[in-house]
Amino acid sequence: MVKVGVLGAKGKMGTQVCQTVEKTEGLELVAALDQGDDLERLVEAGAQVVVDFTRPEVVMDNLAYCIEHRIHAVVGTTGFDAERLDTLRTQLAASPSTGVLVAANFSIGAVLMMQFAATAAKYYESVEIIELHHPNKVDAPSGTARRTAELIAAARQEAEAGPIPDATTTALDGARGAVVEGIHVHGLRLRGLIAHQEVLFGDVGETLTIRHDSMDRESFMAGVVVGIRRVVDTPGLTVGLEHFLDLG
Ligand SMILES: NC(=O)C1=CN([C@@H]2O[C@H](COP(=O)(O)OP(=O)(O)OC[C@H]3O[C@@H](n4cnc5c(N)ncnc54)[C@H](OP(=O)(O)O)[C@@H]3O)[C@@H](O)[C@H]2O)C=CC1
Ligand SMILES: O=C(O)C1=N[C@H](C(=O)O)C[C@H](O)C1
């Protein structure tokens, strides 16, 4: 039995993660903490794995505590850049048996979308990303959009692709979205949505659009369970759920 603690337990994702852990064979929910709760309760409850769906501004402190106390972590909270990931690697070096998984998106379809986009990247001159979410989302662009842009940029760099064409010389602020690793990312916030993303590729005479839709937060739960089961045997930092999946 894997003893699991959840941080952000009263939030949209945390609530569902608690329910999932409680009904999943081999997992036991031993702590459900939210804003204002003392992290010491994780140690008192004997948590072996913590699942964090909190907020970008608090997640690094949560992880520092977990790593210091040799508690593995499955992290869905957004806000990770290269500097934050390096900080985790440094902290984990002092706790070599501990595993941390940071995944921008736990939905299998979103993982595939990112993989497909990385595969397509070297074949197209143009690429832009549109992420669409519920209006209660606090961050923009989404972690998934950032990660997708990073993967596409890495694939383009490896293929020695030229610059993305764009003749814009005048624009209102924001009209061309944010730029992540040289790729334009546009964010929409709309009541009725949960989590959606389109990656649009273009070249002479054709376009390719890869779209993923999460219509229910249940779509993230299978990936979270895989993360919990695998992180206990995977010391160090893992970035992306794809490393815990058999994608062929
Ligand atoms: N990787 C993935 O697949 C997914 C990632 N996410 C990400 O997960 C994060 C949470 O999303 P969501 O559930 O929608 O957000 P919510 O705002 O619904 O939930 C966050 C919860 O964390 C609580 N919280 C804030 N600070 C702390 C703290 N220090 N310790 C414990 N709990 C705390 C909040 O309390 P309060 O409201 O009082 O501040 C709130 O209850 C976001 O970064 C989001 O982008 C979301 C969906 C999928
Ligand atoms: O806040 C959300 O809802 C989501 N956050 C993650 C992100 O920022 O990519 C994952 C998914 O898009 C839902």
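Numbers run from 1 along the shown chain.
Including glycine, each Cβ sits where the backbone N, Cα and C put it.
Whatever TrEMBL says is automated annotation, not expert-curated.
Since this is a predicted model, take the numbers as computed values, not measurements.
Taken from TrEMBL, the feature domain 'Dihydrodipicolinate reductase N-terminal' covers 2-106. Residues or ranges marked as NAD(+) binding site in TrEMBL: GLY8, ALA9, LYS10, GLY11, LYS12, MET13, ASP34, GLY76, THR77, THR78, ALA103, ALA104, ASN105, PHE106. The domain 'Dihydrodipicolinate reductase C-terminal' annotation in TrEMBL covers 109-245. The active site, proton donor/acceptor annotation in TrEMBL covers HIS133. TrEMBL lists HIS134, GLY143, THR144 with the feature (S)-2,3,4,5-tetrahydrodipicolinate binding site. Taken from TrEMBL, the feature active site, proton donor covers LYS137.
In sequence order, VAL111, MET114, GLY143, THR144, ARG147, ALA195, PHE220, GLY223, LEU241 make up the list of same-chain residues 6 or more apart from ASN105 (NAD(+) binding site) whose Cβ falls under 8 Å from its Cβ. Close contacts with ligand 1, defined as a Cβ under 6 Å from any of its atoms, occur at GLY8 among the recorded positions GLY8, HIS133, HIS134, THR144.
For the recorded (S)-2,3,4,5-tetrahydrodipicolinate site, residues HIS134, GLY143, THR144 set the reference point as the centre of their Cβ atoms, and the other residues of that chain within 8 Å of it by Cβ are THR78, ALA104, ASN105, GLU131, HIS133, LYS137, ASP139, SER142, ALA145, ALA195, GLN197.
Per-residue pLDDT, averaged along the domain 'Dihydrodipicolinate reductase N-terminal' (2-106), amounts to 98 for this model. Filtering GLY8, LYS12, ASN105, LYS137, GLY143, THR144 by Cβ distance to ligand 2 (under 6 A) retains the following recorded positions: ASN105, LYS137, GLY143, THR144.
Sorting each residue of the domain 'Dihydrodipicolinate reductase C-terminal' (109-245) by its DSSP state yields 50 helix, 40 strand, 47 coil. Of all the binding-site residues listed here (GLY8, GLY143), it is GLY143 whose C-beta has the fewest other C-beta atoms within 10 angstroms. Listed recorded positions: LYS10, HIS133, HIS134, LYS137; maximum Cβ neighbour count within 10 Å falls on HIS133. HIS133 (active site, proton donor/acceptor) has none of the binding-site residues LYS10, ASP34, THR77 nearby, counting only those with a Cα within 10 angstroms of its own Cα.
Between the CA atoms of LYS12 (NAD(+) binding site) and the residue listed as 'active site, proton donor' there is a gap of 10 Å. For THR77 (NAD(+) binding site) paired with the residue listed as 'active site, proton donor', the C-alpha to C-alpha distance reads 12 Å.
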